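Listed in TrEMBL:
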type     : residues : note
TRANSMEM : 59-79    : transmembrane segment
TRANSMEM : 91-115   : transmembrane segment
TRANSMEM : 154-174  : transmembrane segment
TRANSMEM : 186-208  : transmembrane segment
TRANSMEM : 214-233  : transmembrane segment
TRANSMEM : 254-270  : transmembrane segment
TRANSMEM : 290-307  : transmembrane segment
TRANSMEM : 345-366  : transmembrane segment
TRANSMEM : 387-409  : transmembrane segment
TRANSMEM : 415-433  : transmembrane segment
TRANSMEM : 445-467  : transmembrane segment
TRANSMEM : 473-492  : transmembrane segment
Amino acid sequence: MAIDIQREPSLTDIDSIHHHRPVQSSLTKHRRISISSIVHPDSLKIVLPTDEVTLKRHLGLFSGICFIVGVIIGSGIFVSPKGVLQETQSVGLCLIIWIACGLVALLGALCYAEIGAVIPRNGAEVAYIKEGIGSVHKQIGDILAYVSSWAYTFILKPSGIAILILTFSQYFWSGIIEECELSEELIKMTAIFAILMLININSISVSIANRLNIIFVISKVLTILTVIIIGVIRLGKGLFLIYTKFAKCIGTTKNPLGVALAFYSGLWAYDGWNSLNLVTEELKNPKRDLWLSIVLALPAVIILYVLTNISYFTVMNKATLLTSNAVAVTWGEVVLGPVLRMLPILISVSALGSANGSLFGAARFCMVSAQYGYLPEVFACIHIRRLTPIPAVVLQGVITILFCLPSNIDGLIDFFSFAAWIFYGLTFVATLCCKFTKKNAERVISVPIPLIIIIVLISIYLVLAPVITSPNIGYLFATIMILCGLVFYYPFVYRKIEWNIIILTIMAGEYRGVIDLHGKNAVITGASRGIGKEIALTLAKEGCNVALLARSRDALETLAIECSKNGIKAHVIICDMSSKQSIEDACKQISHIFQNKLDILINNAGIAGESVSAIEEKTPSGKDVVDMWEEVMMVNLLGLMRITGRCLPMMKESKHGAIITISSLSATMTSGRSAQYHASEWGVNGFLGSIYEDIREYGIKVCSIMPGFVNTPMIHDDKHKLNFDKCIQPEDIAQGVLYILRTPYNNCATKTLVYSSISYLLLFSIRCLSEKKR
């Protein structure tokens with residue numbers, strides 16, 4: 001994260017940044033470069049890097065148990081009994097399905113507990129599929145993880161929360177309005193209000209959301225226990241009658257595929273068994289608390305659910321239950337009498353509590369997806385003071401509101417379960433993969449392979465059976481959304497075109513100048529270390545072929561091997577930028593290697609020379625001052641001009657490309673004892689400005705990055721006493737290069753990237769000499 005501060009640089013600041021110190025900074029990989037336009041040279045935007053902002057570990061064992069129980073016990077036990085009985089057609093089989101669903105959920109939760117210990121990350125399915133299946137085949141794992149991210153973010157999580165919120169609204173008004181029929185508009189408006197309230201709570205404070213969840217859990221467990229106790233009393237009074245109902249599975253369906261639909265409704269009531277895996281990184285002791293919370297919570301929920309269903313059947317027969325739109329309310333009409341109104345309100349609180357926990361976990365899933373690059377980066381942001389993922393919370397809340405528009409809860413359950421078990425099954429496959437690819441990983445609990453295979457087969461059955469027997473629009477919609485995810489995968493994940501660049505492109509009205517780096521060719525001078533090395537590695541990771549130029553063969557060969565691991569071609573070219581002949585030979589090799597097709601030129605090679613007053617005749621090392629000046633000019637300016645001139649013919653035919661020069665803030669100011677360096681950098685800017693005018697019609701971006709102190713080997717022997725950790729890092733410069741390459745031509749105008757630290761003013765400027773629309 002970063003804090004933006006506006007101020008004018010002091011004379012002390014300016015005096016401390018007169019060197020080109022290509023460098024590495026303490027900014028974490030999650031930090032973003034801040035971009036602002038310069039209106040006046042003295043008006044600069046300064047960004048102070050702070051400690052990395054992360055979600056805190058605030059959940060203990062009790063909170064973990066409450067989180068699972070709170071998410072599971074919501075609307076399902078009050079809505080699903082009707083769906084289960086409708087498909088099974090008998091009390092006996094209905095109870096068997098409830099027990100079987102509980103065992104399936106427990107087995108699935110144990111698989112999640114195992115893989116959660118092997119891959120201790122937030123996000124559950126998206127993290128497990130990417131890293132689990134990805135350990136067998138990286139590309140397949142990445143694609144499946146992206147599709148799961150897309151489906152969960154835009155379908156599964158919001159639709160699940162919508163079901164809970166609609167159930168809350170229905171039961172809430174059932175307890176208040178007795179005789180009048182509930183208006184659909186009233187239910188929807190109440191649901192939307194509840195969602196907005198939950199968004200606010202989860203955005204303000206994690207601790208408030210957690211405490212509220214615990215309160216909800218206590219209230220819903222007390223409600224369930226009340227139903228159970230009354231049911232046990234009635235069971236004792238009518239033992240023979242109840243035994244007859246339970247023992248004889250009269251009217252049981254003979255359609256095996258109908259059992260699958262019964263499983264859907266039953267498993268919906270247990271949904272949430274994987275909820276704690278969404279917040280693994282927020283557990284105080286994840287190695288112990290994750291599996292122990294699951295082992296304690298799931299059996300307790302199974303017992304509560306079975307006893308609750310028995311209590312329902314002590315009051316209602318099959319016909320009564322199937323005609324009820326609010327099962328628990330119908331049960332209360334018979335049992336509670338005058339205090340009937342309290343039960344629907346307590347049930348509505350239970351559904352609301354489950355929705356609160358579901359939104360809490362859904363926001364974490366969304367945040368992790370953005371961290372993987374599957375969603376725009378804004379959704380990976382955490383509020384620096386509240387430490388809550390506000391953008392992710394808002395996104396999930398808004399989509400949930402859209403899902404509240406249809407009012408058929410049973411239809412939503414089938415829709416939700418169909419898509420959910422696709423990714424549950426993939427996660428079980430990922431668990432199986434980790435058995436072989438991560439054998440040495442620490443496992444607190446290990447599920448036998450035969451049981452994992454069984455749960456995978458159950459997942460396949462639950463996905464295919466309802467689609468084959470009764471296809472409906474919900475299944476079609478889920479399939480279309482999944483396929484849409486694949487469409488977006490190619491440009492945004494595989495090609496790594498950033499969402500903000502697409503927005504800029506739309507605003508600019510064109511795509512010209514946005515360089516898809518995959519398969520492109522780049523030349524990098526001064527590539528053996530520091531900034532050049534980091535830029536080479538960054539471009540290689542983006543799929544760009546690189547020609548590495550420097551004087552050190554050993555360093556270049558080591559770098560080429562590292563770059564080649566990304567599946568690109570890396571070429572080593574020995575080049576001395578102070579030698580005319582060496583540059584000419586290097587350019588001939590570049591032309592031959594890339595078949596006279598070049599897309600990117602990174603001018604990074606440079607030297608500072610010795611610090612000496614212009615009045616002196618000799619440098620501290622004994623060199624003639626004027627000769628030292630000439631040496632710096634040969635490398636920094638004349639060598640740069642020569643290699644740029646030779647590379648331009650390779651770029652103009654393609655009508656696109658970029659020439660990016662790593663310059664220095666010394667090009668914008670002057671100071672004593674470094675005349676040669678200032679002269680060379682001012683000359684570089686003049687040269688770039690001039691060639692831009694010559695090549696603008698070819699769509700080639702000509703840009704200059706001008707940093708202050710950068711943490712590279714060049715400054716480690718400097719006499720300045722610098723705190724290297726607070727200098728700009730080479731990876732920051734590399735990210736600036738990526739920004740230029742991915743920015744549309746019309747938007748790549750005069751920009752400035754400015755970094756600072758506690759001790760130093762570290763200005764990081766990008767001057768992009770590109771055409772702006774008039």
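Our numbering is plain: 1 for the first residue shown, then up by one each step along the chain.
Positions of Cβ are set from backbone N, Cα and C atoms, glycine also.
No curator has checked TrEMBL annotations; they are predicted automatically.
Same-chain residues lying 6+ beyond the ends of the transmembrane segment (186-208) with a Cβ under 8 Å from its Cβ atoms: 55-56, 58, 161-162, 165-166, 168-170, 172-173, 282, 352, 355-356, 359-360, 363, 383, 386-388, 390, 393-394, 397, 400-401, 404-405, 407. In this chain, the transmembrane segment (345-366) lies out of contact with the transmembrane segment (290-307); the count of Cβ pairs under 8 Å, excluding pairs fewer than 6 apart in sequence, is fewer than 3. Among residues of the same chain six or more beyond the transmembrane segment (59-79), those with a C-beta under 8 A of the stretch's C-beta atoms are 163-164, 167-168, 171, 210, 213-214, 216-217, 220-221, 224, 265, 268-273, 275-276, 279, 282-285, 288-290, 292-294, 296-298, 300-301, 304-305, 308, 326-328, 347, 350-351, 353-358, 360-361, 409-410, 413. Here the listed stretches are 154-174, 345-366, 387-409, 415-433, and the one with the most C-beta pairs under 8 angstroms to the transmembrane segment (214-233) is 345-366. Pairs of Cβ atoms less than 8 Å apart link the transmembrane segment (345-366) most often to 154-174, out of 154-174, 387-409, 415-433. Taking Cβ pairs closer than 8 Å, the transmembrane segment (387-409) reaches residues 53-56, 75, 79, 153-154, 157-159, 161-163, 165-167, 184, 187-188, 191-192, 195-196, 198-199, 202-206, 359, 362-364, 366-367, 370, 378-381 in its own chain, all 6 or more past its ends.
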